[in-house]
Amino acid sequence: MASHTKDALLSRRYIEGQIAAGKHIIIFDDRVLKVDSWIKFHPGGDKSIKHMVGQDATDEINALHSVEARQRMLAFQIGRIQGPWVNFLPPIQGGKFRHYDENADSEEDDTSGQSQPPSPIFDAVDAAPGVRRQYASSETSVSTPASESSEPKPFFLDARTREEIVLDTAKYPSLDAKTQQDIKRRYRELNKRIEAEGLYDCNYFSYFIEACRYTLFAGLSYFFLRLGWYSVSAVFLGCFWHQLVFSAHDAGHIAITHNYQVDSIIGILIADFLGGLSLGWWKRSHNVHHIVTNEPEHDPDIEHMPFFAISHRFFMNLRSTYYDRVMYFDAFSNFMLKYQHYLYYPILLFGRFNLYRLSWEYLILGQGPRKGPAWWHRWFEIAGQIFFWIWFGYGVLYCSIPTWGSRLSFLFISHMVTAPVHVQITLSHFAMSTADLGVQESFPQKMLRTTMDVDCPTWLDFFHGGLQFQAIHHLYPRIPRHNLRRTQKLVLEFCRDTGIPYALFTFTDGNKEVIGRLGDIAKQVRILEECRKSCAQQGVFSNHH
């Protein structure tokens, strides 16, 4: 294994050793890619790559990248594999790997590498075949992002985790290799059918209609601003921002022109120049979300401590691999989570202000790529942020509105009107599964298990902006949103053929599901609080160190 060509067959044991040495190895279409030299150039950030180390990332790569980008990836090929690949748990998620010894017996090493990947949670023996199991060995840990809390937790938390896994494994197709391979095959066949039917082709007339709608809202906002009807003007400005987000989302997924740089420019003009939000921040976060959807330790889209928690696992002081910090379940979060089902909508009214903070943190700290094709995006975005605060902060708020009371009213009304988009974003995932079924679960099954769609009439599609088809979007992110309704019929066939449940709720029922989930977690917080009080009174943890 010391020297090999790009087409040389590499053993599982050798690949494991490379990962143990800190290399970033991923599998793509039976090719072994070593992407260490590319990771700092990756436009989507380094985290999304780190979550794919040691895994067959074929479906994730195909879903999120253009044909041209996939072709460029082949430059990092160092070999091939033969036969189906059994995924490792990535180092960033707590995976452990053994260093490679060229003098060791290769056959023995390969077979020993077939054991189940380790789990940072627990050994779910009773859940179902194929669920992650821990195995002990003399492995070297590359990265172990475990909880920093040593405080013991009540047993009901682990019992709840097991219960959720049991429920999901009973509801969804088996996690055995044959079943999951069949799901992958059908998913890839469906992609070919989608391509053949032209559903990846953008309908530019639909975007002309969108542009007319944006212009109408912006024009009405300006009209009423000049009349001095500041509150009405603020409402239409909020509608303008609400609708703009959907096209920025499309551009971020390269779903408009399918050209990376062109769509990036479109997205930055919309998000930064017109909306004051960083497209780069959103892409970095969103790409990770698309790969580790609804995983409490890894998905930034559900990491809203101390205000919201959609899983009891947030009670365990989880360490976020995205933010590289511990999400503490402290006294403040304990209080907030007990009432989160009541505070959900009020807090979302102020959601846009938090996006400003995250955007500036991303740009000031330079968290995006500084090299490669996206090196200049940061500076273009900063220019966009300056432009936004000149036209909105100075031109609208300061120069066009005479009193501070009216200015504050305009500011809050315009921002609160955008709250529905925060509801639409959280609606797709907050009520769905957060159970960890292991690294052998196929990409399409995981996306459908963790994502909800909204059933709405066609005439209301403009209001949801494609977010009503989030499950379908997660399967095929680069499909232009105006084609998602047609794609839905094909995905329904796929779900019937594979036996994967398709979660579809009306907007009202979906909101009820979300509030119900938040209320359930709030109830668990109260139970945990009672457990702690009881244990403290009985001195159960008095000898714990």
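Using the three backbone atoms N, Cα and C, a Cβ is placed for every residue, glycine included.
What Swiss-Prot lists as heme binding site is His42, His65. Taking the Cβ of His65 (heme binding site) as centre and 10 Å as the limit, one finds 19 other Cβ atoms among all the protein chains shown. DSSP gives His65 (heme binding site) a coil state; it is part of no helix or strand.
Taken from Swiss-Prot, the feature domain 'Cytochrome b5 heme-binding' covers 1-82.
Annotated region 'Disordered' per Swiss-Prot: 97-124, in sequence order.
Long-range neighbours of the motif 'Histidine box-1' (249-253) within the same chain, counting only residues 6 or more positions beyond its ends whose Cβ lies under 8 Å from a Cβ of the stretch, are 64, 263-264, 266-267, 270, 279, 282-283, 286, 465-467, 477-478, 480-481. Per Swiss-Prot, the feature motif 'Histidine box-1' maps to 249-253.
Under the heading motif 'Histidine box-2', Swiss-Prot lists 286-290, citing a curator's inference as support. Listed by sequence, the residues of this chain that lie at least six past the ends of the motif 'Histidine box-2' (286-290) yet keep a Cβ under 8 A from its Cβ atoms are 44-45, 47-48, 51, 60, 63-64, 252, 298-301, 322, 474, 477.
Long-range neighbours of the motif 'Histidine box-3' (470-474) within the same chain, counting only residues 6 or more positions beyond its ends whose Cβ lies under 8 Å from a Cβ of the stretch, are 290, 293, 428-429, 447-448, 450-454, 481, 484, 487-488, 491, 502-503. Annotated motif 'Histidine box-3' per Swiss-Prot: 470-474, in sequence order.
Taken from Swiss-Prot, the feature transmembrane segment covers 227-247 (among others), and the record attributes it to sequence analysis.
What Swiss-Prot records for 262-282 (among others) is transmembrane segment. Within the chain carrying the transmembrane segment (262-282), a Cβ under 8 angstroms from the stretch's Cβ atoms is held by residues 241, 244-245, 247-248, 250-252, 254-256, 352, 355-356, 358-363, 367-368, 374, 377-378, 380-381, 383-385, 387-389, 392, all 6 or more beyond its ends.
Annotation source Swiss-Prot lists transmembrane segment at 382-402 (among others), citing sequence analysis. The list of residues near the transmembrane segment (382-402) in space but at least 6 beyond its ends in sequence, with Cβ under 8 angstroms from a Cβ of it, reads 225, 230, 237, 268-269, 271-276, 278, 359-360, 363, 410-411.
Residues annotated as transmembrane segment in Swiss-Prot: 408-428 (among others).
Secondary structure of the domain 'Cytochrome b5 heme-binding' (1-82) per DSSP, as helix, strand and coil residue counts: 30 helix, 14 strand, 38 coil. Taking DSSP states H, G and I as helix and E and B as strand, the motif 'Histidine box-3' (470-474) has 5 helix, 0 strand, 0 coil.
On the 0 to 100 pLDDT scale, the domain 'Cytochrome b5 heme-binding' (1-82) averages 91 in the predicted structure. For His42 (heme binding site), the same-chain residues that are 6 or more apart in sequence and have a Cβ closer than 8 Å to its Cβ are Val35, Ser48, Ile49, Pro369, Gly372.
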